[in-house]
């Protein structure tokens, strides 16, 4: 609607109305839009009958829709009448468009467009003047690049407009004057700064100074997950981008992965021979002694000893079954043909992973006729997922079984291959099965008779329909489910026409036999309780598209049942729950109405539609998997609707994916919401929409006017329509205004010829509703494309929308909403949500588009931040925000901004506090601040969809604020490393960090608010628990990642090692200063007391000092508690719980109380036992080839520019550099600039110095372990061979100046010796993995060979300084980690582990002059310090061993939170050992 008053056009409207009274009836047929019929004058001699017909013409009402609905007088004021303003529904005041006023409307639109273009010209001139006045010449050059040309001039039409409206001479003179004024101002500012500038002026100059800084977002935040069968790209907006791009997390991952390699190698070498010694035959000979010569043991021990227990490197050939099947006929085991149940391998393969020792109580008898194989727990050939049965021999011995395999696929092999496929998805080192999680409900335990049917064989259409009749609920329950969907869930996916859909359901299922009653909105409400249990006996599919309608119905039944508030997950966060409660909805419903609603929900809970019903429908009726291989004849509008519903269902009810589809091969039990299958499905939906022509507005096709009344929504369906003579047209009278279309569909020639005016009017309504559905589907697909791009970080499919699409918004449909107010709200939401999508598109263009992201400027990101803040805080209307984006060149008009020229300004995004507190005082969502009287409350219209619409507004706020958090984080990580080189950037980094933290905490709070209110009665989130659960939890998880980054900064200090002290809070020496420990415990106790009073609803200040880490840790613990409870219902919560538990275990501060229990040097181990490989997380348990494909692993080991030589190179200056710091490859990421984090405070330095003194005391006891041999100036633990492992601290070599190195003392680098003392303890990643699987790695060798040649002089000087530092100069400021000097003697009460030496350490010792054998305990102590962060060794072992608390989730899951591919899954054997290159 245009906001321009219509007072000036009132006379013309009246005259046009009077002149149109006596028009010919022939001119009232459907005409093309904009046709001028005023020149056609009817004859004066017309009969009275014709005049009566003329009075029944389709007249457009002049009153607004709301006043007509309320049946009150409307004053017809534009844009909003007084009645709607008084009752608080001005945002819904809607006038139907007059067809004869379209020409005048076009003139008004032209004036508005010219006005907006003039404003844009002014904005562009201001931007150009700012650019030309910039003191930096480089920035001027950058603005002349082709990528930035469209930023200022837009497209060609706007360039022409600039030339037409502004003279070139005046413009040049004006810009010249502005440029001179700007230069004078800059000179004055320089003079004032040189004299004595105050803080405000310096802050302003800093802001102006860095406005034209360029950021390259194509490197740090792009991920490429290299799988064995391909690659997956994940962009900057993906949830893993922070995991990969943050500098602290990169170093942490390097530290963790190196620890993982060491522990994995140690444990592997330790147990490889013990398994061989403890191996026993799986046959219990005590029960069946092989006494006779022919009764020998059926186990082929030669194959057993060579293939089943030996390490991987000794079994290059596929493993075969150890059972000699030729012995079955000798009497040991009865012949297979005697008993059908014996056609299985008699060996329990679960014993293979336990050292071939079967449990005594579970040892099967060889004479047993029971099948004893358990393929759910083990596969015969894990690396290749190969069946252990020799099919060649099996085919010869049992040809009959193989001959019948076509009819019964299960008879091909006695092994259940389905369970093997599930097991094959595990890592190579694990033998656990992927558990089949229980569905989101607990009622899947009940079994339909149809569910026990095997659907492997082909089923006819009649069999499928008969099975579906058994699965579907009774008729009355189906009608209740449909009403619940359209009342609560429909605004989330409004692509259906409610009236038409109910009409189809009546025809297909005969729901109209239930004598429904009609409520105020024209919706059928079943009222007969006697027919409650009337089942579905027949499903009629008269048209081909009805199969898709049936599939949509099944999805609606399933989604609505899952969304019932009683089915939502119970969340109990203890005392903190009260902080996240919001007022309940104030309801005007009576007690009887509430009781009736409760009864309806209890009835619906009893009838769950199984997910197998959808599988049958989409596989046998719709054949959805074959649509991509069939011509467009199978695609119609209903097919597109089903595909959208199917995509929506997969994302919302992800727990059903394990049952519904097996197409995902990501190696995880749950593919998650960032699965590539969703991405491919959306591309198919987009192409189907193009095939149907949805990208063109339906008004462009006049033939639709003659086609739609005959075929309704199946206009593109070329199939023949089945006859259905039993269909009664009168059954649809209560369903819709277009119900009489069914009579015209029977082939009435009179209705199609237009002789019946009633039918003509209803046909016209049907046409408009069809066009309306057309537009809704298209813009919903556009919204899906934007949301997927935001979630995955992938480019949008529908870019520059207006270049190929002219489809109008649904608000352009000429529909009378007086009988369907719900649809009016849907139309308003479509316009608003599309405008919000335009704001998101502007951000995505600058982050994901390579042409812009490679050289995006700071002031552009600042403009995006300011505009998004204005939108979410309600200080600026969404129309103004979109207009500002276009005027500033941040959003091209080709994206669709010009289509919103006639939008209603009052219908905008309400403020978030108004959304949450709406139910407290019964205030309207869009109230203008005035007090509402009781009479106004009585007059207020009871609006449907209000709570659901506000829940959607809530999700939009979360999305916008997540973008604000991401933009601030990008700018923060860009300017934080520049602090040492340019101190002016410290202020910017601090501001961006605080803003990022504020928006991260906002997302965290909103996530908690949602899950704490989903089960409340009359809550804001009624029936939205399934739809909004993942978006809310995902935003909370993203916020937690920034919390982890800040905790690392708060605890670690500067990355370069400046002013940090390598201390271990709990040492092995008795000389350790216990007062420091007591102070740490006291500080921790005080901080815990403060946390009890912590208000989770308040923002966190970065200046909180020492308590910052504790405050943020408390939020992590609460989120972990939340995900632990949600993981029982939602599979995607398991991954987030693992991620949170991982960091909680890692970052937990060690305490004296917990460490002193074990005492002595074994304090760190406690009751810890060596972690089993099967308990490791996937990204820690994988081998080298798997980890190399993980983007996080790639950047973790390549982040700090490595230097060194390969294993065959000679030592340099008496020592060799480790592999992680030995290669200076050109493809590596640039080094980190020396900087200190914004959370680093003076109090941190004070505590570090105090604990450094205590460390100096410990240092005296360990000086003797340095070998000061003149030929080998190598500290203890340094290997002459290089290693790829990262040390616990990796300071940047280039950050130290030559003056510090040549001075002989380095007082500010206390952790310098960590580089030398800890590198040797970390093993070579390549050596470890090579010893395990014997894979050559020539790429690594070449990198080693070229690394020394690329070493910089600074690196050589730095390492020379290391080798010449005498032990006497080591003091409190420059000391060795206690781990690096741990003694080799075992403690008096040490565990058995302390007597074990690392095999890698033995290898190092045999080739080292120091002859040192570090044990595992020394290694753990050595790596307990990560850049000043004191990691509890017990927590470190727990993390590296995998966060797998049996009391946490109640089961062992293979779901991981890092994308580590698995070589065991099916179809990847060809890529195994393919030496895939590592790409950036």
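Note: Cβ is positioned from N, Cα and C throughout, glycine not excepted.
Marked as DNA-binding region by Swiss-Prot on the basis of sequence analysis: 64-93.
Per Swiss-Prot, Zn(2+) 2 binding site is recorded for 64, 81, 84, 93, and the stated evidence type is similarity to another entry. A coil conformation is recorded for residue 93 (Zn(2+) 2 binding site) in the three-state DSSP classification, outside any helix or strand.
The coiled coil annotation in Swiss-Prot covers 105-134 and rests on sequence analysis.
The compositional bias 'Polar residues' annotation in Swiss-Prot covers 1-50 (among others).
The compositional bias 'Low complexity' annotation in Swiss-Prot covers 130-142 (among others).
Under the heading compositional bias 'Polar residues', Swiss-Prot lists 143-152 (among others).
What Swiss-Prot lists as compositional bias 'Polar residues' is 160-176 (among others).
According to Swiss-Prot, the feature compositional bias 'Low complexity' maps to 177-208 (among others).
The compositional bias 'Polar residues' annotation in Swiss-Prot covers 429-444 (among others).
Among the features that Swiss-Prot reports, compositional bias 'Polar residues' is placed at 703-731 (among others).
Taken from Swiss-Prot, the feature compositional bias 'Low complexity' covers 732-756 (among others).
The compositional bias 'Polar residues' annotation in Swiss-Prot covers 1385-1408 (among others).
The region 'Disordered' annotation in Swiss-Prot covers 1-56 (among others).
As annotated by Swiss-Prot, region 'Disordered' applies to 126-208 (among others).
Taken from Swiss-Prot, the feature region 'Heme-responsive' covers 244-441, and the record attributes it to similarity to another entry. Mean pLDDT of the predicted structure over the region 'Heme-responsive' (244-441): 50.
Taken from Swiss-Prot, the feature region 'Disordered' covers 429-456 (among others).
Within its own chain, residue 64 (Zn(2+) 2 binding site) has 74, 76, 80, 81, 83, 84, 93, 94, 95 as residues 6 or more apart in sequence whose C-beta sits under 8 angstroms from its own.
Under DSSP, residue 64 (Zn(2+) 2 binding site) is assigned to coil, being neither helix nor strand in the three-state scheme. Just so you know, of the binding-site residues 81, 84, 93, the Cβ with the fewest other Cβ atoms around it within 10 Å is the one at 81. In the three-state DSSP classification, residue 84 (Zn(2+) 2 binding site) falls within a helix.
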